[in-house]
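Feature annotations, reproduced from TrEMBL:
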- 1-41: region 'Disordered' (REGION)
- 1-16: compositional bias 'Pro residues' (COMPBIAS)
- 82-111: domain 'C2H2-type' (DOMAIN)
- 112-139: domain 'C2H2-type' (DOMAIN)
- 133-161: region 'Disordered' (REGION)
Amino acid sequence: MSASPPPQRQSPPRSTPPASTVSPEPTKQDQSPPSAPPKEEANALLRCQWEACTTECPDGDQLYLHLCNSHIGRKSTNNLCLTCRWNNCGTSCSKRDHITSHLRVHIPLKPHICEVCDKSFKRPQDLKKHEKIHTEEHHAQHKHSKAVTVVDPSFNARPQS
Ligand SMILES: [Zn+2]
Ligand SMILES: [Zn+2]
Ligand SMILES: [Zn+2]
């Protein structure tokens, strides 16, 4: 018994924005939300994961030194340890050189270091990209001073690591 006719089709209330603020349809290219947390690795402390050690170091180089000094020790000080106790690693070596080079596998060392500001990078292309900012700074300075446009050979002759 559906005698009642369907309700009158009213056009829904249109909520068009005022003509003054005409905005094109939002075409979001990036799918990440605008307030995505930036990946800041710079301030993260590296935790030594050696057995029973709770030392934290600001970077891989210092952590490496800590491992060599505090955990590997030296023959001369009679505390040489040739077994890696990093996080149940258990690797044993017969020489101090071997264990110290092994330790690097546990440490995120960044071998590509900017000569200008000592920032370090894991990948060479990151360093290349970063070095450009110094190059541009350099050129900017030359624009400001009416410097002679002499090709500085030392600028391009930087050693390639
Ligand atoms: Zn430690
Ligand atoms: Zn190890
Ligand atoms: Zn730099």
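Using N, Cα and C of the backbone, Cβ positions are placed for all residues, glycine too.
Assigned with DSSP, the residues of the domain 'C2H2-type' (82-111) fall into helix, strand and coil as follows: 11 helix, 3 strand, 16 coil.
In the predicted model, the domain 'C2H2-type' (82-111) shows an average pLDDT of 92. Secondary structure counts, DSSP: the domain 'C2H2-type' (112-139) has 16 helix, 4 strand, 8 coil.
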